[in-house]
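If you check TrEMBL, you get these features:
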type    : residues               : note
BINDING : Asp56                  : L-glutamine binding site
BINDING : Ile247, Ser319, Gly320 : ATP binding site
DOMAIN  : 1-169                  : domain 'Glutamine amidotransferase type-2'
Amino acid sequence: MAHARLSIQDLSSAGRQPMYSDDARYVICFNGEIYNFHKLREGLLKTGESFHTGTDTEVILKLYQRHGADVVSYLEGMFAIAVWDTVEGQLFLARDPLGIKPLYVWEVGNSIAFASEIRAVLAADLGPRNLNKDALFDYLRLGSVQEPDTLVEGIWLLPPGSTMAWKGGNSSQSQYWELHSRFANKPDIGDTAEAISVTRAALESTVEKHFVSDVPVGIFLSGGIDSTALVALASTMGHDSPETFCISFNEKNFNEGSLAEKTAIHFGSQHTDYRMTPVAGAKLVETYLESMDQPCIDGFNTFCVSRVAKEAGVKVVLSGLGGDELFGGYPSFQKVPALARLHRLSRYMPARRALGRLVERHGSTSQVRRLGSFLQTAGGVAEAWTTMRGFFTQNESIGVARWLTQQKDVRCVRALRFDTPHFQLDELAHVSALETIGYMRNQLLRESDVMSMAAGLELRVPFVDRAFVDSINRIPSNIRLQKGKQLLLDAVPEIPSWIRESPKRGFRFPFGEWAQGAWSDTFGDIHADCPVPCDTWYRLWTIFALRHFLRVNKVDCSGVNHSLLKAA
């Protein structure tokens with residue numbers, strides 16, 4: 001067992017890992033942060049327990065000695081935990097409820113490897129590195145691999161809210177918390193006033209505990225509602241003058257720098273704005289690729305702003321990630337129900353599928369081609385969401401996969417899988433579940449963790465918290481998911497007018513403009529070689545990141561097209 005420590009609690013060398021129990025029976029490695037560990041520690045002290053450190057790691061270890069796998073029921077925070085029992089020869093693994101911290105597993109025969117990054121698991125070299133074609137199709141459709149799969153056969157992610165026991169080649173899993181079941185809970189809040197009150201209390205609680213640290217805590221601040229809400233709440237709750245960080249651009253449609261700076265001045269934070277140019281961004285691409293774990297369309301923005309924060313000497317930052325998914329901030333909350341209704345109306349068209357095939361084959365843009373593919377499906381909210389979020393259609397994904405593997409018989413043998421509720425939800429709640437599980441967990445959380453940790457930075461996400469999610473899921477979707485995140489605005493009246501009245505941009509980079517200009521050589525010959533149109537920057541980036549991952553990790557694609565895998 002090995003561990004690279006980022007000291008946040010108890011900065012002394014006593015907190016180094018792996019950490020042994022007093023009797024040397026148990027050995028723990030822990031990645032994450034337990035926000036209620038002070039309270040847990042006090043409770044253990046009252047029972048006569050003694051401690052050698054002031055770390056949350058030692059608290060987890062003491063609790064595991066007492067409660068075994070039930071230790072997870074005591075923990076509030078983000079975590080990937082491994083405990084080795086030297087007497088029984090048994091391994092215990094656990095992952096936090098919402099999947100903030102990744103935990104990869106590779107079991108082969110009587111051997112097991114586990115780590116926070118797939119690269120570390122691959123280094124164990126337990127078996128062949130064969131391409132997982134099902135995961136490849138998921139990646140091509142949505143720009144990220146859907147958990148628990150990875151692009152390498154046999155390597156998988158321990159599901160969020162799960163524990164695992166392994167001994168001598170035999171393993172078993174247990175689910176202690178499920179996110180999708182929270183969306184099924186019947187709301188018990190009847191009016192808007194109560195919803196605002198509950199949301200405010202939940203926000204104050206989660207922000208307060210995410211400030212637990214022995215080092216200063218900064219905040220990623222854009223011109224959006226979510227990060228502004230964090231700064232406003234921090235200021236109101238007495239966390240004065242936190243350092244805030246922003247990336248700005250010369251491209252006006254993407255630049256939120258002036259809004260963020262105005263907000264920082266308003267709340268008295270120490271603000272750093274880094275002006276990112278396409279030339280400066282291009283110089284960071286190689287380092288970004290070296291930091292990348294699994295390929296993904298996302299992550300470069302977090303990679304860049306994390307470097308800015310680290311250079312300022314900060315080790316912990318808060319992010320507004322999760323606010324859009326839980327408060328209805330994405331355009332999908334309007335567009336997906338509209339697409340689903342369009343499909344229902346189209347059922348009365350006798351030639352709907354034929355029209356869909358024609359549109360998919362001859363559509364002028366990737367969006368139009370995806371709409372054609374959608375018309376050929378059975379419809380529904382999940383298919384409509386995939387159409388909006390997707391990159392390549394299913395047929396296009398098959399074409400890219402055949403090009404990559406040089407196997408003409410490659411087929412997409414399974415539909416996209418989503419760990420979303422198998423029970424009746426209204427359309428808005430269903431979109432929220434899809435965004436939270438299909439997008440946030442499988443893409444944003446994973447990339448945010450990898451890219452912040454690559455800079456030696458701990459990224460915390462107050463909106464992605466078990467108690468917070470439980471609280472706001474008591475609110476009916478027609479209140480919680482109002483257009484413009486009205487509930488969040490009402491719960492945090494400190495948010496200034498220039499943020500409330502500003503159109504939503506999101507923390508996005510101007511990749512489309514850059515791909516046609518300063519980055520035109522970055523993507524090499526993908527335009528010319530790819531058998532399907534790469535007419536958007538995100539299609540180019542999807543292939544570009546995939547090429548790098550397969551090449552540097554020596555993944556066996558069975559007859560791989562080596563021209564695809566050559567270095568950019």
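Residue numbers in this text run from 1 along the chain shown.
In case you wondered, yes, glycine gets a Cβ from its N, Cα and C as well.
Because TrEMBL annotations are produced automatically, they should be read as predictions rather than curated entries.
Within 8 A of the CB centroid of the ATP site residues Ile247, Ser319, Gly320, the other residues of that chain are Ile219, Phe220, Leu221, Ser222, Ser227, Phe245, Thr302, Val305, Leu321, Phe507.
Maximum intra-site Cα distance, ATP binding residues Ile247, Ser319, Gly320: 15 Å. Across the fold, the C-alpha of Ile247 (ATP binding site) and the C-alpha of the residue listed as 'L-glutamine binding site' stand 33 Å from each other.
The distance from the Cα of Ser319 (ATP binding site) to the Cα of the residue listed as 'L-glutamine binding site' comes to 22 Å. Separating the Cα atoms of Asp56 (L-glutamine binding site) and Gly320 (ATP binding site) is a whole-number distance of 24 Å.
The Cβ of Gly320 (ATP binding site) lies under 8 Å from the Cβ of Phe220, Ser222, Gly224, Ile225, Asp226, Ser227, Thr228, Ala229, Leu230, Phe463, each of these being in the same chain and 6 or more residues away along the sequence.
Over the domain 'Glutamine amidotransferase type-2' (1-169), the average per-residue pLDDT in this prediction is 93.
There are 26 other Cβ atoms within 10 Å of the Cβ belonging to Asp56 (L-glutamine binding site). When Cβ neighbours within 10 Å are tallied across all protein chains shown, the highest count among the binding-site residues Ile247, Ser319 belongs to Ser319. Ile247 (ATP binding site) falls within a strand segment according to DSSP.
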